[in-house]
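This report refers to the structure that appears directly beneath it.
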């Protein structure tokens, strides 16, 4: 198995909808949340604001069932394809990326 580089503590983790490839959210994993994700098959992250682990959907029911886990060429960023149940964003939106800044460059 490929080793993920947790030497800086947290690893950016991009979550994609496995059904259509849409970007759902960006969160951070530490080594513990990564291993909990591997063990349970559901996403676990590290909350920088609360300084604790959190299981996506544990409160809301909007869970993320892991389908695939990828790493980038440096092994310090993760991309996880999931089956998303309900919205991914805490605002109730499907994706956390719904604020367009600029288009038509």
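Placement of Cβ uses the backbone N, Cα and C atoms for every residue, glycine included.
According to Swiss-Prot, the protein carries these features:
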BINDING   72, 74, 76  Mg(2+) binding site
BINDING   73, 89, 96  Zn(2+) binding site
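Feature annotations (Swiss-Prot) mapped to structure.
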residue	record	DSSP (3 states)
72	Mg(2+) binding site	coil
89	Zn(2+) binding site	coil
96	Zn(2+) binding site	coil
Fewest-neighbour residue among binding-site residues, criterion Cβ within 10 Å, set 73, 89, 96: 73
Inter-residue C-alpha distance, residue 76 (Mg(2+) binding site) and residue 89 (Zn(2+) binding site) (nearest angstrom): 24
Cβ contacts of residue 74 (Mg(2+) binding site) (under 8 Å, same chain, 6 or more positions away): 5
Residue pair residue 89 (Zn(2+) binding site), residue 72 (Mg(2+) binding site) - Cα distance, angstrom, rounded: 24
Distance from residue 96 (Zn(2+) binding site) back to residue 72 (Mg(2+) binding site), taken between C-alpha atoms, in Å: 22
Shell of the Mg(2+) site beyond 72, 74, 76, same chain only (C-beta within 8 angstroms of their C-beta centre): 5, 71, 73, 75, 77
Neighbour count (Cβ, 10 Å) for residue 72 (Mg(2+) binding site): 14
